[in-house]
Amino acid sequence: MSFRFSGRSRVCSRAGSVRLSRGGAGFVAGNVCVGPGAEGSFSCTLGGLSSGGSFASEGSGRGSSIGFLNNEPGLFSGNEKVAMQNLNDRLALYLNHVSALEEANTDLEKKIEGWYEKCGPGRGRRLDHDCSRYFSVIEDLKRQILSMTTCNANLVLQNDNARLTADDFKMKYENELALHQSVEADTNGLRRVLDELTLSTTDLEIQREALSEELTYLQKNHEEEMVVLQNASGGNINVEMNAAPSVDLTAMLNNMRAEYEDLAEQNRKDAEASFKEKSASLQQQISDDAGAATAARNELMELKRNLQTLEIELQSITAMKQSYENSLAETEGNYYAQLQQIQEQIGAREEQLQQIRTETEGQKLEHEQLLGIKTCLEKEIDTYCNLLDGEEQRSESTSYKPKDGKPASEFNDSAEETFARTVAEELDQLGNLLSLRVHSVEEKSSKISNITMEQRVPSKAP
């Protein structure tokens, strides 16, 4: 707040004079003179006796001096002098209070701006909740969650495919096992047939050996008979008989032997052919069954290896799925904890903002109270100035008569003073008062002095 009063007035009396220097501001009440001003001074000398005193006010190089007249009561006396002193004291306290509040407001504004520069993108008194810096983190988390969900779905699909493949291989294994059991049963049946054929072959061999022994026995008997007959024919006995022609036993025996040999050979050939045929077919069937059994055994081993591989892959996929689920749960827990911390930080910042807003509202109310006090003080200052103007006019209208009877115009200025004040208020778009200017014009002895009082109203918090 600045209050400037410029002008020049002169009060002449027998005791002394009061001087107001241009560029300062002065208030005169009786024998009290107060003059705060930038690069200006105020002095009051009454009756050759001066005394000085000062109080704190706005700016540097501002002071006041108070002088008391020893032998004259001054312009005012009694309660008016005390009232003027109280007004001066209250004005000084008001100026000090306003200065301290302006410094406190400036400090708070700097702190608020610094806090916004550190904790948010807002500037000045804008209370923006900018969470755009968290959007990228949230989008990244969403992408990771979507990727994890897709990966989990792929793993579930692969697991289902592996389970279906395992079921298919299990079904094939059961079919091959049934086929293998059937082949083994056929092989066992063929082995029984082979045993029967072996027994038949042994029986035929026994029969052949028996026939061979019988043939050998017959041959031996025939030889013995032939020897007997030859011995009998070698004697001198001549027997002449008239008989029918005898049967040739040798030819009969030879024929019988040939028939038996042919029959035995035929039986042997038939037995060998049948044995070879059955053996060949049995060997072919055995070889076929052995090849099929070998192929089935190889396929069974391959299926066992595939089953073991699939079981291992299934176990690894199950473990990987479990680890992914654990990792997903842990990641969700971590990000949930981080989001909770961020929410807590946001809540703390909102509480701080609410506290700052409350403090700002309190300062606003205090500022409004100070504005009311300022208005009251301005009214008191106007009253004070009116009193000063009235006393100056009375002092100028008082004539001084010396012993020789000359008129008082020889010692006083007879010029008439005229004051004109203009009040200018500056408002913003919301109707808040930004500045208050009071322009005063004093006319004295055809001279114009400007009195300007400017009041800057601090901007209110939004």
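Along the chain as shown, residues are numbered 1 onward.
Every residue gets a Cβ built from N, Cα and C, even glycine.
Feature annotations, courtesy of Swiss-Prot:
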COMPBIAS  265-279  compositional bias 'Basic and acidic residues'
COMPBIAS  392-407  compositional bias 'Basic and acidic residues'
DOMAIN    80-395  domain 'IF rod'
REGION    1-79  region 'Head'
REGION    80-115  region 'Coil 1A'
REGION    116-137  region 'Linker 1'
REGION    138-229  region 'Coil 1B'
REGION    230-252  region 'Linker 12'
REGION    253-391  region 'Coil 2'
REGION    264-290  region 'Disordered'
REGION    392-413  region 'Disordered'
REGION    392-459  region 'Tail'
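For the region 'Disordered' (264-290), same-chain residues at least 6 beyond its ends with a Cβ under 8 Å from one of its own Cβ atoms are 183, 186-187, 190, 193-194, 197, 200-201, 204, 207-208, 211-212, 215. Per-residue confidence over the domain 'IF rod' (80-395) averages out at a pLDDT of 83. Residue counts for the region 'Coil 2' (253-391) under DSSP, helix first, then strand, then coil, are 139 helix, 0 strand, 0 coil. Across the range of the region 'Coil 1A' (80-115), the DSSP-based residue counts are 36 helix, 0 strand, 0 coil. Broken down with DSSP, the region 'Coil 1B' (138-229) shows 92 helix, 0 strand, 0 coil.
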